[in-house]
Amino acid sequence: QRQQTTRNKNLAVPLRSAASLPASACPGSAVKPLMEPKLYQPPPEVRGMTSLDKEAFTQTIAVPALRVPTGVLNKVMKSLKKSTIQRPGLPRVVQDTEESSDFRLVLLDPHRVSSKSSFSEAEAEALRSFSVAEELQYYELQLTYNNLKSEEVLGAVLPQGQDVTSGFSRVGHIAHMNLRDHQLPYKNLIGQVIMDKTPGITCVVNKTNIIDSTYRNFKMEVLAGEENMVTKVKENGVTYEFDFSRVYWNPRLSTEHQRVVELIKRGDTVLDVFAGVGPFAIPAARSGANVLANDLNPESYRWLQHNCKLNKVESKVRTFNLDGRAFIQGPMKQELPALMKGKANVHVVMNLPALALEFLDAFRGLLHQEPPCDENLPTVYCYSFSKDKNHDADVVERSSRSLGFPLENRCSVHFVRNVAPNKDMMCVRFTLPKEVLFSCNDEQTEPSEEPKHLRLFFF
């Protein structure tokens, strides 16, 4: 409410006409008024500011304008929609400088219009047809912090030549940033600007480290706004609620979630080894699949159950709070023999890209006590990061090594997203070989006492 009040107050500042400008700014003058680049660049005094002073960004500028009869105003606005001024919070139509009720002034973008010859042929023809004089006037108005974009504010404040990216990941009402070292002295100002300029954002946080615990969550510092980490997001038509500070959630994986879920048919079974709060499990259940979803983090497990109820799929999802290896060698081992005798497909999702490949050895000899069969073998979707020049070959080689079986020409590799320079997230998809599942060797690894899947948070 305070922020909205401030915005309204700034917009209420009287706009002055060209009559109050120096002679150089009057119509017909050979010297152009001061407009560009001032229209898009805040005052130089704000450079180095660490505590946001919104008033310091206020400046008075002059912009070109056309005097338009009120009777044709709407038609003129449609004809000039590419040439009118487009700034947050700035009007495009103002009172006539001569205070005539029969006319209005249409404010123009100085980047596009500097003289009457700047109008396109179609625009000039439209103005003639509406009997609008093409003679430009100049109108003085006040440009404030509220009229600037976030990148313009930050570009004016941060040191010249430094990266001023204002990018963030949005998680409900939370904006999550990964600030670089040179941005840290300005972190609170950056947070305030992002919150001011992004509707619906009421909290801005910065990741303070990569590894926090076994549970793939991470420590955060609140830069601006309320310290409320419980948020609600909607992804691919599904609603999720969770405490962002205590579980893993990456909004940049929505396309991948949808891609895999679209491969799952009604009646199939999904075994989600690292389920998180349910971005694979819940959409799969909504599409008619039966799901076994597991996560080691007690908070993820709790929110997974909550989200199943929220989306009315609790009857389709069985939830577990186990280490990934214990889940594979426990509930999955118990379910697979019966599932493989059915006709519906079986899908195993392993979305823990930092370590998931290391869990593939848990499948060695998993069903060694069962009669071997080669029908309806599970399809595995295993995620991994790769820094190798040949990402595809790298993940196939490492998957084969962990599985103890060559996957060359027996799998497909899908690029998911670029995580960092020379670091990509990949998904290797393959049918679990019967030679692995029914192996009689004694190399099957028992669940460890210490949880093995240290979970990392990457953007």
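Placed from the backbone N, Cα and C atoms, the Cβ positions cover glycine too.
As recorded in TrEMBL:
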type	residues	note
DOMAIN	168-434	domain 'SAM-dependent methyltransferase TRM5/TYW2-type'
BINDING	His257, Asp295, Leu296, Asp323, Gly324, Asn351	S-adenosyl-L-methionine binding site
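Here the binding residues for S-adenosyl-L-methionine are His257, Asp295, Leu296, Asp323, Gly324, Asn351. Their largest Cα to Cα distance works out to 22 Å. Highest Cβ count within 10 Å among the binding-site residues Asp295, Asp323: Asp295. Of all Cβ atoms in the protein chains displayed, 21 besides its own lie within 10 Å of the Cβ of His257 (S-adenosyl-L-methionine binding site).
If you average pLDDT over the domain 'SAM-dependent methyltransferase TRM5/TYW2-type' (168-434) in this model, you get 93.
Residue density at Leu296 (S-adenosyl-L-methionine binding site): 26 other Cβ atoms are found within 10 A of its Cβ, drawing on all protein chains shown.
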